[in-house]
Amino acid sequence: MAVRATVSRFPADSDAQEASGIPWGLTVTPFAAKDENGQAPVYGSDGNLLPRCENCYAYFNTYCELDQWVWNCSLCGTLNGLSSQAIARYSRPQSCAEMMSSFIDLELPSEGSEEEILHARPVYVAAVDLSSSEEFLELTKSALQAALEALAPESLFGLATFSHKLGLYDVQGPIPVVKNVFIPQDAEGTLPIELEDVMPLLQFLAPVKTCKDRITSALETLKPTTSWERTPGTGQELDGVLMGGRGFGAAMEALCNYLGSEYGNTFALARVFAFLSGPPDHGPGQLDTRRYGEQYASKGEDADRALLPEQTPFYKDLAAVAVQAGVCVDIFAVTNEYTDLASLKFLSIESGGSLFLYSNTDDSTLPQDMYRMLSRPYAFNCVLRLRTSTEFKPGHSYGHFFPDPQYENVQHIICCDSYATYAYDFDFVNDVGFSRHASEQPMVQIAFQYTVVVPPEELSGSELVSSSRGKHSIKRRLRIRTLQYGTARNLNELYDGVDPEVVLSLLVHKVILASLEEGVREGRMLLHDWLVILTAQYNEAFKLIQYKNGSSSMTGQVDVTFSQCPQLQLLPRLVFALLRNPLLRFHEEGVHPDYRIYVQCLFSALEPSSLHRAIYPVLTSYSTLDKQAYPRHSLSRAALLTSGSPIFFLDAFTTLIVFYSSTADPSLPFPPPQDCLLRSAINKLKQERCITPKLVFIRGGQDDATAFENYLIEEQDVDGTGLTSAMGFVSFLEDITQSVLEYMK
């Protein structure tokens, strides 16, 4: 569980927080195996016996004062009694995880019968769009082949298809058999028959171990509907034109209900992979994509605002159904036509899944992403709870979860991998803040309760009874991290402890929220104004500018580069880069609304260091393929020219570019060979990433270098004209200077 705060020392009170201009909050990556310093938790058992405060329900931790029979809560100060069982436990402190570390991971006792606990197998269902092209289906087949390689042999796998009908495959017999149900064309329609009556669920879900080859054979039979069903043959009354309909909404709803019948019995979590090649246009959940065309022609309405909200609550409601059924949906959209991901995204992000968008089939990383996603560990049915000491409280929470309907500051996460990150900002409870003389320091406790499926080979000998060999078992665990922070005595101290990457994370969450509610223009203004106010308050705090009493004349020079505070120096560049990012660029600049939604979903789940790269890429230079010249350059042509290095490597998170300058020695091997330092660095980055970055090699002077040059944003105008004459970053700082002077008058 990695936790990073925007400031290492918290503001003393609301006035200090207001005066600093820095957002106050933190990010948490709950299922990360280690903390932000690389330390693993101390593991233990009997999480149910961990004492809890009678007043605030915080868990006992190493910061609590322990007397013989009582303990003081480190969050609220309440004196609590200890049970005789706990007194006996704590007489041997070395045997209890909670006495050894403030970062612990405890096993909870299993609920349900032993048979239920052991029988819950991982279930995966692929739902493939047949209203598509041959190329789309070939890519999907490759992705599912990769998935089959990554799945544990004991997993159950089901194959379904959708178009104007929903197909269920039985692959457990000698040859694959498909049974189809027609999807009504009407948006209010329902399927004529329950899927359980079409094919019993346990006939549909096949064990990967024994049926892998047959699943592969079934995949080979998939053909686009366009090639075999364009005419209304076989006595069907449907018009031939409508045969290619994409009944995605009805198919997803039916599959969730179908799987839900066995939730908690056959499986503890079912993951549905939905492969989509365009917008749903048939039956329930169909979307009207004409709004995109109308916006292009612009009716005087703000396109950046009109295309961000969903046009129907269908998929948001369906996500709630999926959650109840124990189903997590991942959407893989491979399309360059408008698909209205603004409406579809809820089905994936609110059910604990991911949203992927690929603009074409040629250079898509879908098979690699699929394999990567299924190879890494994940937790499910998670509950995340953040508690604080009494002087402050969590304000907004951000991330892909759904809030508990009953309890405040409790978030439910259906499926959580080791990269998924959530953010919180803090507010003071009153004007007093943290007492300067009290010995109590600000405290934060994060509790994460989760379930994992443990393969048979990871069970300890005592847990393996002969009847359970080869079966998966379900483990419920409780991970707790308690942190103590200092308080800043003045603004200098506060600024010295700023973590710019976490500040960026909170800013990104806030501007995404503002964009969704008020439109992109509002998001941009919010960001611009924030930097202006921060700069003004920094200049005021360091007394760099002063207005003479009663006059408008000013002494001093505005410092927009935060020259006296190294921790803030990165922020102007990050804000400039964020304003140039597709997240906040205008529709008329050619930012596709679906791509903007994809970026919103991706960015709002990234941990701070990855988000930093995605917004302001890392540009490194190499003097040879085995020797790094400089670890970080600014993103400008001037930086390239002055460095004089022959090779540059740019890491933009989703894309990696190796660029050989036009003056590079022609004898340098191109592309870089596998055994060089540069290649090792690339492979390491690819390995650690949550998605598969696209790798591009460019030779300056020979290849088209546009892809690389587009990332050199510091000479591009912030308004997005792309003209280099406006001296982008420099003129941006001048604009901030002028705005600061206006603000301070």
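The backbone N, Cα and C atoms fix where each Cβ goes, glycine too.
Annotations in TrEMBL come from automatic prediction, not curation.
As the structure is a computational prediction, the values presented were derived from the model and not from experiment.
According to TrEMBL, the protein has these features:
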- 51-83: domain 'Zinc finger Sec23/Sec24-type' (DOMAIN)
- 121-373: domain 'Sec23/Sec24 trunk' (DOMAIN)
- 499-611: domain 'Sec23/Sec24 helical' (DOMAIN)
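Residues of the same chain lying 6 or more positions beyond the ends of the domain 'Zinc finger Sec23/Sec24-type' (51-83) and with a Cβ under 8 Å from any Cβ of it are 90, 98-102, 387-390, 440, 443, 445, 447, 480, 482, 484. Mean predicted confidence for the domain 'Sec23/Sec24 helical' (499-611): the pLDDT average there is 89.
Helix, strand and coil content of the domain 'Zinc finger Sec23/Sec24-type' (51-83), in residues and according to DSSP, is 0 helix, 10 strand, 23 coil.
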